[in-house]
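According to Swiss-Prot:
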{"type": "TOPO_DOM", "residues": "1-14", "note": "topological domain 'Cytoplasmic'"}
{"type": "TRANSMEM", "residues": "15-35", "note": "transmembrane segment"}
{"type": "TOPO_DOM", "residues": "36-843", "note": "topological domain 'Lumenal'"}
{"type": "DISULFID", "residues": "Cys145-Cys173", "note": "disulfide bond"}
{"type": "DISULFID", "residues": "Cys189-Cys427", "note": "disulfide bond"}
{"type": "BINDING", "residues": "Val219, Asp247, Thr276, Ile277, Trp278, Asp379, Trp380, Ser460, Arg482, Lys483", "note": "UDP-alpha-D-xylose binding site"}
{"type": "CARBOHYD", "residues": "Asn306", "note": "N-linked glycosylation site"}
{"type": "DISULFID", "residues": "Cys446-Cys459", "note": "disulfide bond"}
{"type": "DISULFID", "residues": "Cys448-Cys457", "note": "disulfide bond"}
{"type": "DISULFID", "residues": "Cys529-Cys811", "note": "disulfide bond"}
{"type": "CARBOHYD", "residues": "Asn530", "note": "N-linked glycosylation site"}
{"type": "DISULFID", "residues": "Cys794-Cys822", "note": "disulfide bond"}
{"type": "REGION", "residues": "824-848", "note": "region 'Disordered'"}
{"type": "CARBOHYD", "residues": "Asn826", "note": "N-linked glycosylation site"}
Amino acid sequence: MSLHRTLRRFLRKWKALVYAVSFILLIQAFFTFQSSPNLMEEEHLRRLKELQIKKHQELANSMLQGERALVHGRDKLVLNPRDPGFREEFFKHSNNEINILEDHNIGQVDKMEKPVLKPNENKFEEIHFATEKVPEIIVKYQPKCDITIKDSISALSRATTDRCKQQIADAACKMQDGTLFPKSMPRTCKHESKFTFDAPMPTSFDPDIRPVRICYMLVVHGRAIRQLRRLLKVIYHRDHYYYIHVDKRSDYLLREVLKETEQYPNIKVAPWRMATIWGGSSLLQTLLRAISDVLRIWKDWDFFINLSALDFPIEKDEKLVQYLSKYRDKNFMKSHGREDEKFIRKQGLNRVFVECDQHMWRLGERQLPEGITVNGGSDWVALNRRLCDFAVNGNDQLLTQLKHWYEYTLLPAESFFHTLVQNSDLCETFVDNNIRVTNWNRARGCKCQYKHIVDWCGCSPNDFYPSDLVRLRTSRPVFFARKFEESINQEVVNHLDFKLYGDYPPGTPALHSLWENALRVNSKMPSDCNLSVVSMLQVEMHKKDEEFVGYVVTFDAGWVGRRGAGDDPATSEDGSRVQLQAFLSPQPSLRILDRSSNLAKRLETASVGTNWDVKELVIRDWGGLVGPNSDVHLVARWSRSEDDFVVTVVVIDPLNVVADYNDFRTPSKAAGVTETPLSLKKPLRPGRWLVRFYVQRQFTNICAELDFYVTPQEFKGGIEGDSVLREINRGVVDDAQVNAANRNLYSIRTTLNLARNNQAETELASESNHVAGLKLRNWVDFVVSSGWKAKDACLVAQSPETWREAQPRRCFMPRQGTPNLCENTNWSSLSPDPKTELISVKPDGRIR
């Protein structure tokens, strides 16, 4: 009773307070209930998501079976993944909450990434689905604020898709209201300034130390499969791991990589692909995603080293393993080596960038976060497993904020890991050495050659030549160098390969030969009983002793009986087919006419092409294949001389009309290369063009002449028969309009007094009327064959019997010869090439 009376007195005295507290508790409970998750609704949504993912997996598995069949060359597919109806069904069920990973880039579905398909069981254990959420598909561009930043307005005016514009606008609005980035970030390193650990090469190695295992990530693109094979051959060891990411746009390379690496269980190809661009934020995303994969796939590697196909080792694997074993708790990154403020400005770290539509858009300036030190240098690194695990699985504030900050950063991979390590508890693991040498020639490598894909001027390293090998001598421990392109210079790669692992035996074939895939096309032609092309399979560039010698063309051919002109050779009476390779070589095009002239004494080579590499000083479209809409460059190589002089070149079109002229000076007191862009109005007239060389407008004396051919265009946007081809293949009609720079050509034409070829004009007008069919193809063949010749052919087979078995009896002739087998033909890409062949693992764990 006393307790009851006491409680009553308490309530009378504090009644108002009790009511107030009770009211507050009720309000809190109400809002808690309103904001708490609806468990039944969440369960319902979870089940819907599971059903949706299951449907995706079923469709992806169906697609996988079809892709497997394509990869292995099966004719009878369970389901054809190239069928637009099937792919439409697959992507129809896509939800933008599920980011399906990309496959072989078949089709033009750009709303989301597509599913990755596993060609064999050794490569992928499952079809992976990304966990990150992709942005909603924007139907209409709607900025959320009035954008006033000049750079952002410029980016919006140049972006083409609504989705990209929306990304730019969203970032710009957050920039303007100051919410895009945190003003400061936490620093947990106990050192006030940047810390660097010195890791010299030990004079001796402890044999009792457990050797490290390395996980190599190879980021590859293009078509140089042989160079990639050669790199794998020299860095391979059964104790290491290899994870290969093939660029989303390199379908040919992906197929070849999958085929070449099947026999090695410690090599995996990424089941996802990204289309990375120079300087793009996607480069860092690719690295982090790969690190996440290899952490999950392999549990016992110690170091992560990223390479490209343009890298090559300069020390043996054993020495690298010994060095890293000594410093297994360190991280190797190259710092910029200049003042921080200067590096930040040159790197664009004080600017905001957004990547979309395969472009890095500059949106404006930003302040660097307070509290941390921003560091950077090279994006080629060697990271220990502890840092890798922290970078992808950590969740502290510094890491989370840095990842967000670098989403809007140019060249993020060149700075992210440096900044993360220098400001975290791992700062004492930083070694200012990325264990490689890069061949920089900034006078040639910093030409703003990436302005078409990034709103910034950047630099790119140069290829190594034998004369650059002296740069490999450094005071710091280095184990790799870059860049090497065998299509530019193979001798330097041979030198390093032979130095590390010894010369190949005398008589080894193809040591100084190179083949590189250039093209895959389809072609069909009618024929009688002669052997006829059924389908062209691929074209490979061929170099020998550092010189381009031609193209190797692989094609299916068949014997076709007498049929109508429009019949398909593939439907011959007996279906007999063989596979052949043909060697096509360009005809000599440079003629020296006055060998006594100074020009003739110095001019070594001259050629015309369309893909001029300002950094390496070469034309990359080997053979000078020019079309009506090509940008044409004249490139000449000159020997050394004490005297220089002015060269005049005059360009004459197929109608014998002067179309352009240029004056330039030869290199002074040195050998060198000159490049002259020709100002020719498009479309160019198809046929034979002529370039004449004079010494400083001495037009009475032609020193040299160079031919090049403009080939008629057969397709427009991949479609045959477009009526616009008539105008394209006719070329510029008015002689007064043939020069794109509107130069006054009257005096040159008057001086040379060339007779216009009116018959050629009549023939050109007649030929250009054909926009499809046999007559257009014959015209193309005629122009191409004027500058190219088929030198030889060989049989793609194990035995000559293949030819005799395939040849119909009605086409057999006594004493008829059989083509040589390609494997016995030195120009063939199927002939032995031991320096790039991947073989079985040897007892020492290597394949070289």
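In case you wondered, yes, glycine gets a Cβ from its N, Cα and C as well.
Here the features listed in Swiss-Prot are placed on the structure.
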residue: Cys173; record: disulfide bond; contacts (Cβ under 8 Å, 6+ apart): Pro143, Lys144, Cys145, Ile147
residue: Val219; record: UDP-alpha-D-xylose binding site; contacts (Cβ under 8 Å, 6+ apart): His245, Asp247, Thr276, Thr286, Asn306, Leu307, Ser308
residue: Trp380; record: UDP-alpha-D-xylose binding site; contacts (Cβ under 8 Å, 6+ apart): Asn306, Leu307, Asp311, Lys334, Asn434, Arg436, Thr438, Phe480, Arg482
residue: Cys427; record: disulfide bond; contacts (Cβ under 8 Å, 6+ apart): Cys189, Lys190, His191, Phe195, Val421
residue: Cys446; record: disulfide bond; contacts (Cβ under 8 Å, 6+ apart): Cys457, Gly458, Cys459, Ser460
residue: Cys448; record: disulfide bond; contacts (Cβ under 8 Å, 6+ apart): Cys457, Gly458
residue: Cys794; record: disulfide bond; contacts (Cβ under 8 Å, 6+ apart): Leu580, Gln581, Pro819, Asn820, Leu821, Cys822, Asn824, Thr825, Ser828, Leu830
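Those residues noted as binding UDP-alpha-D-xylose (Val219, Asp247, Thr276, Ile277, Trp278, Asp379, Trp380, Ser460, Arg482, Lys483) have their most widely separated CA atoms at a distance of 19 Å. The CA atom of Asn826 (N-linked glycosylation site) is located 38 Å away from the CA atom of Trp278 (UDP-alpha-D-xylose binding site).
In this structure, the recorded positions Thr276, Asn826 were compared by how many other Cβ atoms lie within 10 Å of their Cβ, and the smallest count belongs to Asn826. Within the region 'Disordered' (824-848), the DSSP-based counts of helix, strand and coil residues read 1 helix, 0 strand, 24 coil. Within the set of recorded positions (Asn306, Cys457, Cys822), the lowest number of other Cβ atoms found within 10 Å of a Cβ is recorded at Cys457. Summary for the disulfide-bonded residues Cys145, Cys189, Cys459: the Cβ-based neighbour count within 10 Å is maximal at Cys189.
Listed binding-site residues: Trp278, Arg482; maximum Cβ neighbour count within 10 Å falls on Arg482.
Mean pLDDT of the predicted structure over the topological domain 'Lumenal' (36-843): 84.
Following the DSSP three-state reduction, the secondary structure of Cys794 (disulfide bond) is strand.
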